[in-house]
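Report on one structure; see the data block that follows.
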């Protein structure tokens, strides 16, 4: 009997087996056998195939994009020496096929189609996209040829001013003419890739050697995403390049792990939204704000639940989206940082922003914070940091969203639609103020202050700040600033 009991006791339980499997999976990128297998042609093919399955399961990639990703990764695996050329070619193809990253610009293009009836409809967008790539090449070549020119010394400011000049030309062109339609389409294509061009221009000053044509082709990497450059530029990617076969295999395994995690999170997100929104009593935050404005409030209790739920679901949405893109970049051999890394661990507002949306934070810091920090108020440390923070989280943040949504000016007078940005102005101003105050605070919590004071209270403060701030994170034009403020006040009985 004792021998049988001992034998049973030695058998792993189902939970124990699952725990062991989880440990093995999480450590797969450190497993010498797994790394050695992945470095072989067969292993590479298996990992790429598994990655594509996970990518499809994430539900964040369309079938055409999945097919392009498969072809590109296969080509890189077969001809690794031509990786940059393959990625440039795939990115140009992706850019020409999908020149817009904001649906409003595509809708506007459809509305402007009658003015272009004399031109082949299927050729208009690809032609405009290729024209933008030619402009990007000319801009970068000019900056490289004359590095001491005003444009080359202040590339971000020059590009923003140039884009606003293009916007002004589109707004002043006679409506209903081909020039009016083409200028607006070019404006939309440009803003979808302007920040990639800004990074490419900054890269010209760096050490990474890259032909201008390659930099100009990197206006929309084939791995997709929004107008926010995840991966930034070839110069940035080169800092995370695999230096040998083992590092490449490890990087691909990390990409596979991240893609699988994205698929799992996507499934959990779908289940949560189904249970909470479709089967449950909750509605999306935007709908709750409009319901309250229409005197159909769901009640204080439900509105509180909606605000908190929106906070957590938004974290998952951003995580899945970013994981899919970063995983694809890693499959190409660059072990870049994740876009979202445990934001719930944040004890300060700045730390949250860094953990929540790393590459958008990087965009604001690289293109707005550092230029302001290096130029202004050098003799006043606190004012210098505060002003640079305002330029990034306030001005830069608002500019990004404002420029992205300027298609609304194509079909309406400025005064009729400018009001839709009031919530965005408030959102970015409060965010900037919150970050500045957070930086100015003297003493921060320390471990010796106790568990609650160090681990719990700071995180609750961060969560509360962004829970309420998200109420104003909207540029749809539905729900005014006052209506959103009234909804916020109603949570406290106002």
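Keep in mind that glycine also has a Cβ here, set from the backbone N, Cα and C atoms.
Owing to the predicted nature of the structure, the values given are computational and were not obtained by experimental measurement.
Feature annotations, courtesy of TrEMBL:
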type     : residues : note
TRANSMEM : 33-55    : transmembrane segment
TRANSMEM : 61-79    : transmembrane segment
TRANSMEM : 121-143  : transmembrane segment
TRANSMEM : 155-175  : transmembrane segment
TRANSMEM : 181-202  : transmembrane segment
TRANSMEM : 258-277  : transmembrane segment
TRANSMEM : 304-329  : transmembrane segment
TRANSMEM : 383-402  : transmembrane segment
TRANSMEM : 414-437  : transmembrane segment
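Here the transmembrane segment (121-143) lies next to the transmembrane segment (181-202) in space: the count of CB pairs under 8 Å, restricted to residues six or more apart, reaches at least 3. Taking pairs at least six residues apart, the transmembrane segment (61-79) and the transmembrane segment (33-55) share three or more Cβ pairs below 8 Å and count as touching. Of the two recorded stretches, the transmembrane segment (383-402) lies close to the transmembrane segment (414-437), with three or more CB pairs under 8 Å once pairs fewer than 6 apart in sequence are set aside.
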